[in-house]
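Visitor: Reproduced below are the annotations present in Swiss-Prot:
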BINDING   8, 9, 10, 16, 17, 216, 217, 218, 254, 261, 262, 263, 264, 265  ATP binding site
MOTIF     9-17  motif ''HIGH' region'
REGION    117-179  region 'Insert'
BINDING   204  L-tryptophan binding site
MOTIF     261-265  motif ''KMSKS' region'
């Protein structure tokens, strides 16, 4: 089976990337023909104004991929933007893809919903505030506000001042904070690139006639759209593309140090580039069961991020079982539990860290490997595009 998948270059990789994606890719490359690409064009859908670090981020992904076990001898590891045919097929797919299909994309729907919700909240807030201020203005003695224009002017100025002070100063920032986005980014993300990125994903997969795409459940709508586009193209111009299947694999969830989803933007991630001292700081500050304040307090391992990590890094199943039992019984304190975890986490991280150091010294050589793989990928992509142009009667 031909497997195709990609990853946006947002910087150095962390434990969440490994358990969510890379570990599965490493297994797949042993059994299938795999194409894994650094999706630098996709990075621009939400970060088109901040390209200063893009090239360095691409290098970091290259290093981490190889350090974590992806092998350019077993997989085609390449950079999306070096294969220009992705963009050509994206353009042609865009001609046949109804806009309504894209507007059903859950990610886009969420953006539009949040935009509308924020606008509605602002409108509702302003109207209620104006009503309240109007009541206050009406309480002012008539001889001070006998001029209607003065009354209106006073009402307008007070309303605007209160909106700036309350909504724009306190309420709106809190909403945007919960959405994890700045106000400018929030509005400027509503672009053609953001609307159309699922079509680019379809082109990424189908340019290699990908048959399988390893994804999580949240990506299923995108794979279904790729299948719809393939079907529509085949119906219009003749059978060129397979209908790719989603390869749903069970991946362990590794929470961040604060219990939320592990993310660079949340500041709760452990990176493969972190030195031992930095990892220790992060682990010792990890959130635990809030009800377990003292060592002899009974704990609830099922809600504790530290125990979730034990299940991944502490390989001795009997020890994991004992940690769970001792935590529940109040025989194991959180500090000691973290120190046990740290020992096993370091056994996992140190070999990867060492490989990373060696790879960093050979970055020019590694870049050339990715460039050469990109040339291999492009040869295949060019053959696909020859078939596409012929089917569409393009020169």
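Going from the start of the chain as shown, residues are counted 1 onward.
Any Cβ shown, glycine's included, is placed from N, Cα and C.
I'm curious about the neighbourhood of these features; can you describe it?
Guide: Here residue 254 (ATP binding site) comes close to 15, 16, 19, 20, 262, 308, 309, 312: these same-chain residues lie at least six apart in sequence, with C-beta atoms under 8 angstroms from its C-beta. Reduced to three states, the DSSP call for residue 254 (ATP binding site) is coil.
Panel annotation: around the motif ''HIGH' region' (9-17), residues 38-40, 43, 47, 53-54, 57-58, 60-61, 64-65, 68, 254, 256, 261-264, 269-273 of the same chain, lying at least six beyond its termini, place a Cβ under 8 Å from a Cβ of the stretch.
Within 10 Å of the C-beta of residue 204 (L-tryptophan binding site) there are 27 other C-beta atoms, taking all protein chains into account.
Secondary structure by DSSP for the motif ''KMSKS' region' (261-265): 0 helix, 1 strand, 4 coil.
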Visitor: In Å, rounded, how far does the Cα of residue 217 (ATP binding site) sit from the Cα of residue 204 (L-tryptophan binding site)?
Guide: 19
Visitor: Taking only the Cα atoms, work out how far residue 17 (ATP binding site) lies from residue 204 (L-tryptophan binding site), in Å, as a whole number.
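Guide: Taking the Cα atoms only, residue 17 (ATP binding site) lies 20 Å from residue 204 (L-tryptophan binding site).
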Visitor: Take the C-alpha atoms of residue 8 (ATP binding site) and residue 204 (L-tryptophan binding site) and report the distance between them in angstrom, rounded.
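Guide: Spelling it out, the Cα of residue 8 (ATP binding site) and the Cα of residue 204 (L-tryptophan binding site) are 13 Å apart.
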Visitor: Any idea what the Cα distance is from residue 264 (ATP binding site) over to residue 204 (L-tryptophan binding site), rounded to a whole Å?
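Guide: Per the Cα atoms, residue 264 (ATP binding site) and residue 204 (L-tryptophan binding site) stand 25 Å apart.
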Visitor: Give me the DSSP three-state residue breakdown of the motif ''HIGH' region' (9-17), ordered helix, strand, coil.
Guide: 3 helix, 1 strand, 5 coil
